[in-house]
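Down below is the structure, laid out as structure tokens.
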Amino acid sequence: MKIHEYQGKEILRKFGVAVPRGKPAFSVDEAVKVAQELGGPVWVVKAQIHAGGRGKGGGVKVAKSLEQVREYSNQILGMQLKTHQTGPEGQKVNRLLIEEGADIKKELYVGIVIDRVSQKVVVMASSEGGMDIEEVAEKTPEAIHKVAVEPSVGLQDAEADDLAKKIGVPDASIPQAREILKGLYKSFWETDASLAEINPLVLTGDGKVIALDAKFNFDSNALFRHPEIVAYRDLDEEDPAEIEASKFDLAYISLDGNIGCLVNGAGLAMATMDTIKLFGGEPANFLDVGGGATTEKVTEAFKLMLKNPGLKAILVNIFGGIMRCDVIAEGVIAGSKAVNLNVPLVVRMKGTNEDLGKKMLAESGLPIISADSMEEAAQKVVAAAAGK
């Protein structure tokens, strides 16, 4: 689950991280009112969407008068903001963050993720903060410094100080940077985040260290422990199909291709998409029906995939372990009939009650294309999507 920048800053404040004064605004008049409350002479008008690259996309403006606050708010609010993370369609801006300006002397970067190889939380920092951190990571990875934190003790003062020095924080500002790094780590740990990022972390002209941005992603499996985080959820920022899928315990992610995938198990789902790509196709979605796929779930899965106007074919790839193949076959047949399936359907099933499941599909009277291996299934669905 993702949240907005202003919500991330609310979390950072709770953990002692210095952030600029600011408030969200949902209308132009409210934006001007917030600016008046903050006082000038400089304000920043920031689009609030669940995507990075807002500055390059025209979603962040520096205003030097209340008239400019109104002008920029009017420009940004309601716009379809396009960034490298939104896709070509962009994302509509429904809210703004109005905050006080800062005298920026130097932009830095700090971020925290989980390294599954070392099984530790890794704190990253770079002296090359700002809008092009992705380019820094790609072209000069040595500019990003890392420390793997021992979970039982957390981020230590010496580790935080060492990171701060490596990214060029002056000695006089090291204590401030230490508090920010430790506060960011604590916020990451205590909220069950999967990503916590400040970009940029800035050094100001008067020697202060301030988090000028905040980005959090949270582990959806841990949200039951954090109702205060769930309250931050903005459904306007989420894919309607993914929201609908969550109601039926379906793990669904929309993609840009034209071949729908219905699979049980995340690993098999990813392998299925890779195999489709291998044979020249493009997956339209990731869809894991899990180990308890009922007829209702399969039907809803078909409905979700068919909402994609670019869908050309569907591949059902099932390994019958806990889930029996005959149950899946029953769901596929019922689901196909319920939605009047009008695209080619390729089904590959292996495992428990495999023969029975195949027999049910063969006798269903539906134009289902069967396959014995994942490679054969992928080749057949790619050909079907191409109209061959």
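From the backbone N, Cα and C atoms, a Cβ is placed for every residue, glycine too.
Swiss-Prot lists LYS46, GLY53, ARG54, GLY55, GLU99, ALA102, GLU107 with the feature ATP binding site, giving sequence analysis as the kind of evidence. Here Swiss-Prot flags ASN199, ASP213 as Mg(2+) binding site. Taken from Swiss-Prot, the feature substrate binding site covers ASN264, GLY321, ILE322, MET323, and the record attributes it to sequence analysis. For 9-244, the entry in Swiss-Prot reads domain 'ATP-grasp'.
The closest partner of ILE322 (substrate binding site) among the binding-site residues, by CA position, is ARG54; the full candidate set was LYS46, ARG54, GLU99. Among the listed binding-site residues, namely LYS46, ARG54, the Cβ with the most fellow Cβ atoms inside 10 Å is that of LYS46. Per-residue pLDDT, averaged along the domain 'ATP-grasp' (9-244), amounts to 93 for this model. For the binding-site residues given as GLU99, GLU107, ASP213, the lowest number of other CB atoms within 10 Å of the residue's CB is seen at GLU107.
Here the candidates are the binding-site residues ASN199, ASP213, ASN264, GLY321, MET323. The one whose C-alpha lies nearest to that of ALA102 (ATP binding site) is ASP213.
The number of other Cβ atoms within 10 Å of the Cβ belonging to ALA102 (ATP binding site), over all protein chains shown, comes to 18. Sparsest Cβ environment among the binding-site residues GLY53, GLY55, GLY321 (other Cβ atoms counted within 10 Å): GLY321. Between the alpha carbons (Cα) of GLY55 (ATP binding site) and GLY321 (substrate binding site) lies a span of roughly 49 Å.
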